[in-house]
Structure formats: C-alpha cells, structure tokens
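Structure first, commentary second.
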C-alpha cells in the first residue's frame, strides 16, 4: 500500500515559458499606445518654416502605462501642421531620411523663446516622452535606465514608428532624457550629459568642437565642415534705481487739502516698485562655418556688438506692489470683518451714568410728545453729538481714528453745500473732477447700470472712494467706522433740518443702482416731501385770507391756458407738493372739514353731490365734459405714488404672495394694490362734483371706455359710450373702490407715502450697517471706479491687449455684480483681473521710461521704439531691428554700459563671477558688457557613421553653459545597414 501511495505524493509542476513577462507586457503597452495615436509608419511633412516653433500651436496627448507596479506617463508632444499632400508621401524614396533626422539639421528655428526643452535642444517638431507618473519617482539606477532604453528600441523596431521616443531618467528637476529614433536602415541615439561644475576645456568653442568631433569618430580624413550657431545671453539687473519713473504718493498732501496723487474722489494708480526686474539680451551668430571665428581659452572673437542678431526679453517682477490693486484688496478684506460700528468705536463709552445721560433720555421723551413749538435744541443730532463728545472724553482726542483735518476735508468733499464760504473752491474742484467723469450719455457713464453701482458723479460713488482711501491710509476699519458714523449723523441732521442731500438724482430710487444708493435717494424723497409740506404749512399760515378758499379754483383757471392735450395720453397729472394749500391729515374721521363738506358714501344721489364745492382742481381735461351735469371735466391734483427701494418691493411681493390663491386672498391682494387707485378716485370726486365712474375711466384709463356712433330716435348720429367688458365684471375692484371713495381732495387724504416713517426706517437701516455690510454695498462702486481708472490710464498708453482684458472685466463684472450677494471667489477674480491690467500698464510705462520713448525727437524712431516696447509686453522675445546699431540696440547698449559703472560687487557674488572674470579677460569688451550669463552653442554636420562607406547622416550637439549648470545634448546617427 505504501508503495502505491508514493507516486501520488510527488509534486508535478509544468512551467509555461510562453507566458509573457512583465517586461514584454510593458513593451506591448508602449506599442499599443503608439498604434492608438497612429504614430506607425513613415512620417512626412514639409520643411520647417522660420519661427514656426514660436508662432505655431503645440499640442500634447497623454496616457498611462505601468511596468509591474511602477507607473509611467506617456506624452506625445507635436506641432500642429496642415496635413501634407498624399503625392508628397509617394514621392519620398526609400532612401529618404525620417523627418526628425531632417529636423536635426534645420537652422530655421534655433533657440526658440518658448518651447519644450527637447525642442530647444534637438529642434524636433514631434516626439514622445515616457516619464515616471509620480513627481517624486525617478529612474536612477543604470540597469533600469538601460532596460527602459531597450524597451523603447524594441517597440520602435516592432512598430516601424519613426517618431523619436525619449525616456526621462534621474530626478525630474535635472531634465535628463535619453532616447532613440529609428528609420529604414538608420538609427539616431539621443544622449545627454549634465554637470554642476564645468570642465574648463568646455567653456569655449574650440573645446566643444573637439568633443563633438571625437564623439562622431568620423573615419574620413578631410572631415566635412561643421556648421555652428552661437548665442550669448546677457542679463541686466541694476537699472531699477535709475529708470523707475513712479513716485510714491504723498500721504501728507491730503491733510493740507492739496490736489495731489491722493485727492479724494480719485483712485491711485501705478506700481510702487519696478514691475520689470530684468532685461535679457541674446546676441546670436546664426550661421557660422568652422574656422571663421576664434574662441578659445586665450582669445575670443565673439563681440556682442558685432553679433548679426539681437533679441530681447524682459523678466517681469512677481506680483509687483501696485497702488490700485492694494486699494481694492484691502477694501475687499473689509467685507470679511464681523465687528459692528459700536464694537469698533467702543460701546462702553455710552454706558456712563450721570446728568448728561439723563438729559438724553429726557430729550427723547420730549421728542415723542406733541409740541406746538419747534425744539431744535433737543434734536437727535445734538444728542448724538453730545454722546460723541463723551466718546472723545472717554477715549482721549488722540485716539480718534480720523483727525479733524482729514474728516473735515472728506465731509466738505462729500457735501460741498455745507460751507457757503468754500462754495467757489468747490465749484473749481467740481469742474476739475468733472473732467474725470464721463459725459452722461457715454458708455462709461452708464457702466453703473451694468455693475449695479452708482453714477460716477453721485454721493454714493464719492463715499465709496473716500471710504476706500480712509481704509488704506487713515486708520483702516476704525477710520471707516468713524467716517460712516459721521455720515449717518449728517443724514439725520439733513432730515431734521430739511436740507436736501447733494449728489443724488431727483425722483424715485433708481433700481439700477446699489441698495445703499436707493436708500439715500429714498431719504432725499422724504426730505423733499417734508420740506414741501413744512413750506406749505408756513405759506398757509401767512397767506390765509377770506378769499383763500377759492385758491384751488383760481389755480385751475390759471392752468386752463396750458395745453390740456398734453395730459391725455398719460392719463393723470403729477404735481409737486409745494402747493400752499396742501396739508395732509393722517386720519379722515377726525377732521371737521370733511363732515362740513357733507361727504358721500356712494349711495346718495348725484344731485346732492353737485351741491358740493369743487376742490383740488389742476386744469380742465381738454374739451371733455362730465356725462351727467355736463360741466367741464377737471384733472385733479393727486398724490404721487410712494417711491420704493428694491428691498421694499421684495417685501411687498412676499406679503402679496403669502396671501395665497384663494378668492379671499385674491380679493385682499387687489385691495392692497388699489390704494393709489382709491386715492385718485377721491381726488377726482372732489374736483368734479356729480361725476360718475364712466367720467373717471375716461380720464384714468381711456381704453376702458368704448365709444361708438349710433342713430337715435330722431335719426341723428350720436356718439354713445359704455365701459369695457372688464369694467362690467361683477364685484369688479374699480366699481367697489368707486363706491367706497369719498370726495376728498389730495391735500386732506391720508398720505400714501408716509415720509416720516420711511425716513426713520432709512436712517435706522444706515445706522445698523456694519463696516463689512457697507463694504459689500459699495464694492460695486469701487470696482466701477477701478475700471474707469484703468480705462483712463490705458487710453494714454494705447495697448491693444489691455483693451481686450478691460472688455472681459466689464463683461465678467456685469454678470457677477448683478446678483444681490455675489460669491467672494468671483469678486476676487475680478479684482485679480484689474490688478493684472494695472501691472501691464505699469510695465509699459517702465519700459517707455527705460527706452526713452517720450524723449525721442525723431518721430520715425519714436514710433519704432513704441512698437518695440509694445512687442516686449506681448511677445516672449523680440528681435532688435539693426541689432546693436539700431535705435533700440544703441539704447540697450547704453543701459549695459551704465550698469557696468555701478560700484564694486559684494564678495559673495565676486566668487560666483570668477569664471566670468576669465571670460572678461578673453573678451575685449569687458567694460561694456558683463560676462554672459548663458552660452549656447549648436554644432551640426552630416557624416557617414560608423564606417567610411556608410550613409552620410545628420549629427548634432547642443551645449548650454550657465554659472551653475552645464549640459550637452547630442543626437548621433548611425547607418544600421552598412556598418
């Protein structure tokens, strides 16, 4: 039994050698990606045009593959080109070199200003890079590098792909690549050397030529000529202190009331530091044959002034400090503050007990009692001022956030009508500031409706600018709270003393503006009504006489001379409340006048109503006659509808919506909405005793009275009219209102608009605003002002790219600011856009100053320099016309010469320049140009490799030498058929 079980216990294993290994799977994945991207087969295309690497469009595709558990990203970089003709493909012979190999010898695109590093080093239009997917991963060991290189070599051989394939090795910051390109019977190997310390023999051209020739190992005795392209780059840094035109603003100028960089009502503009940090001059020798130029460790012919090509690029300072940007950013930070005005200014100051506090409470109780005589001494303004004195006592005068000079300057700027003495000064100032404001019909003026801000000549707009400046220069959030407290006090004072607020348009609140502006307009409406009413009271007391009762009739007679047809189309006439007889009563039932007039309740006959005395007539309404008494129809003096701000409208619509859709709710809603209609009916009945609903409709809504010609009993044509169908609907609101309405003239009706209540509501709303709320309200005004400022500054410089950005800012802002509470992120984007425009304009001014554009007397040269400066702003690199001998070239030369005269260099930098000092000794121009920061050399030739009878193939080596870096990037081709 034991013998039988022995074979069963043996382990039998079959190894399947046909299963693919991880390496084979990796190669297969590379081939799959190349197939998916259609990179298989012969690559064809036109020869590269000059500058196409910079002007053309580069695109890339990416995919991810893995070798076991190590992930790689595969990226295809290519220049987008028009597809070449098929005929061109057929014409390519078998001996034609692959396109990348032809690109190695192309001289049209050496040293592109903005391109992938492999494009700069090898001049390729298309290539694929395989790199570790994670940033911190790296292929460091030599065996792994060789394994990857073998993988791409096999993948290229299997697929027939002619696009160069690179593998990134070592750490990513080193930008080390090795690669390969295969074609029919040819192969190019891409190799690289990267060193920190430069071997001294490779710091000049002769040493680089030696290494290139050694690497090629050409077997031919007369070596084919080597073509060279050389670029030396010089950096200019020491120019800011000599050539920056922007002066810092004079903060003290404001306190003295001087007109300067910080005048109230204007935003500052410009960079506080030079927005251009460096100028890079690249001097290029594009086509040099070997032997023409001597450049060795002893002597060099490479004189920058003699270089045939000069090109310049500027390095922009990272986030230069700009005044307008700082103003906007600091103001925006206010929006995130949580404190109230009381908390900021110190609430404890109000908690003192004593005689003064008792006086205030006594004064408040006096204010609420009815008083026959005015009590100006006990006004709220005086009380708040006394409270403010206590704050100052409690806190000390020195601690007041705004000093009196600044505060008075601001208040006089906001309220120029406050000082009669300074009227002339402000007229002058207004005329100068008006020069900055666009005319009312212009597109710039109407920006407020797009931004929902306020007109640029309004009080709200000026207040926003003042708060912005106070926030930045005078005490930050405390200064803002202090100014706002003073502003609210001024509003209260103006309301109590009937002074209209300056800088606000007449009429109802403009719903296109921000809510704060609407509130101030509402307060102005209240002041206007109160002022007219108070004047009316005084007028009626002084002018009242026995004949005064006929005042309304006389007034109607006076108006009869006017053109009455003017009013027909609009239906009703609005009149200001400045009539000497106009006086409003809050309650109808308590007035003896109304009882004496024998008011009708709608059920009494028309005959009795004819006996009533007509009141509140404005003028006859054309030739219209009342239907029943046959007397002329008079247009009554009516109440104006109550002005509304958007938050009141929203409140009202919510209340109406809550009434629901039931019949009772709909009826109640209609009654609420017909308050104005009822008032107009009562005014109409008082002006036209004996009238009927048809008369009212003929005046108020002519379309609802339908007239037609009919033939009467005698056969004559007569015009008969009747109410429209909607007016005949049972329980119609118009009929109900007409029956309810009593003949009461407008001056004795209950006010539709209670200006006292509305003014107090506005003043309370203003008083409880926190600095953060205030900043939110006024931020659209600040953005509006900033856009106008940027447009004004751009008009001086005329930069096309800036015009486009400004249009984008306006479009973006109008979308964002239209909503009640825009997101912070979107507001930050708008501010960032404005800051970028400011930086561009500052850079333009900096370059203009450095290149002396304004000082140039020759108009042609001035135009050339202007175009050159604009190109520097918009292009990565600009070629200098005439190189070192042109107008721009001579200026650049002077800049370098002046920089070289700067005193001795600090010791640390001197050590770094030791290699440069040797360079200076080799060059004969050490006094004019510093040692080059970068030396780039491209060596090209076409030689047979590896045997004398092999095919002549392109060889290329790129070298770059900087102070801390030395790199050789070689592309060496070999014949794989004849070797």
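Here the Cβ of each residue, glycine as well, is placed from N, Cα and C on the backbone.
Note that TrEMBL annotation is computational and uncurated.
The feature region 'Disordered', as given by TrEMBL for the ranges 881-908, 909-936, sits at 909-936. Checked against TrEMBL, the range among 494-534, 535-575, 617-657 recorded as region 'Disordered' is 535-575. Looking at 592-615, 664-687, 688-711, the stretch flagged in TrEMBL as region 'Disordered' turns out to be 592-615. Mean pLDDT for the domain 'Rab3GAP catalytic subunit C-terminal' (778-979) in this predicted model: 81.
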